[in-house]
Amino acid sequence: MAKYENLVTRFLKYVKTETRSNEDSTTIPSTQTQVEFIKGLANELKGLGLQNVHISDESGYVFATLPSNLEDDANTKVVGFISHVDTADFNAHNVQPQIVENYDGESDIKLDEAGNFVLTTAEFPNLRNYKGHDLITTDGSTLLGADDKSGVAEIMSAMEYLQAHPEIKHGEIKVGFGPDEEIGTGADNFNVEDFGADIAYTVDGGPLGELEYETFNAAQAKLTFKGKDVHTGTAKNVMVNAIQLAINYQNSLPADEVPEKTEGREGFFHLFKFDGSVEEAHTTYIIRDHDRKHFEERKQLMLDIAERMNTELGEERVVIDLQDQYYNMREVLEKDMTAVDIAKEAMEDLGITPEIYPVRGGTDGSKISFMGLPTPNLFAGGENMHGRYEYVSTQVMEKATDVILEIVKLLAK
């Protein structure tokens, strides 16, 4: 019998509910499916006996408290665990998870009956790390949703375990499940005071051992290119092709500083959205860099290119809206490494080697840390996230739940 008897069942139930976020929405949460899912989590938390369960109208988060069972917890830090409920911008309708029991670490895993989508060790060598594991995969038509419903299931199962085992001493624990992490707005209205933790963790990482406290600095740039459309037969010296302006802008950026050509601490510009006509074109970029100075230089370059093009054109035909999204939380956490050190100790106590390296992305913890609550990121188990080749090991999910409990125990000492 599994240590956390409802962990996998809970996860499978969660992923079958669509909770895709929508960056074009103006509501919080951005989709009604997230609203309903979070209401369901609130009821589940109440059913487990957690207290002060409430959903914030401002942020969409559900917060809950597991009271301390210590005789004296005056010197025990209140710890929080946070995960997001939304899934990335990929088909998440009618998720049909499949379980591959006792994977041999070598065989191809056919996702769909036709064999159009296959997990292979040649393309995904990390599969070799999972010999003997039970893997949950997709059926090839959707993502899985382990990012981050594995984290939700792990936190929920840890709380359930603590309630069933009152002999485990712990201080006060806070739980937060929120929306819209995938579109970068989830933590914008996170209320640190209402949450009430001294330190916190997002459970939103990948493979076993991941412990992250360094993220990108991040910004988004939306550009509008204004053209002039006339008949092609009389276009000479009159037509201004907005599509060509967008191409010229893109070609002015460093060709090798893109996601597919960078790694580690190397930053990039990423053009991920384009639409347009001769009359008007629109592009959207994300700008990423771990180094704040380089980050600011990247943003300035984008502004400078727009200004130069407008000067050459003799009028404003390139309009740029540049907005910061989040910052590298290392700036906050390196001032007080308590949360990181405790997570490292917890993993080592469990025989897990902490894998610490800069995240080529961000978490809700990036924003929450800058709000005054240090929030590094713990592994949740997912691999190949955001697409049809996503999978997760049930054994790694169990280990992630173990780490949550070990952190709680260490803080209670």
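Start at 1 and count along the chain as shown; that gives each residue its number.
Every residue gets a Cβ built from N, Cα and C, even glycine.
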Quick one: which of ASP24, ASP198, ASP204 does Swiss-Prot put in the Zn(2+) 1 site with HIS84, ASP147? ASP204
Zn(2+) 2 binding, same site as ASP147, HIS386 - Swiss-Prot member from GLU106, GLU182, GLU348: GLU182
Alpha-carbon distance [HIS84 (Zn(2+) 1 binding site); GLU181 (active site, proton acceptor)] in Å: 6
Pull out the binding-site residues from the set ASP147, GLU182, HIS386 whose C-alpha sits within 10 Å of the C-alpha of ASP86 (active site). ASP147, GLU182
By the DSSP assignment reduced to helix, strand and coil, which category contains ASP204 (Zn(2+) 1 binding site)? strand
Report, in whole Å, the straight Cα-to-Cα distance of GLU182 (Zn(2+) 2 binding site) from HIS84 (Zn(2+) 1 binding site). 9
Starting from the Zn(2+) 2 site formed by ASP147, GLU182, HIS386, give every other residue of that chain whose CB sits within 8 Å of the mean position of their CB atoms, in sequence order. THR87, ALA88, PHE90, LEU143, ASP148, GLU181, MET385
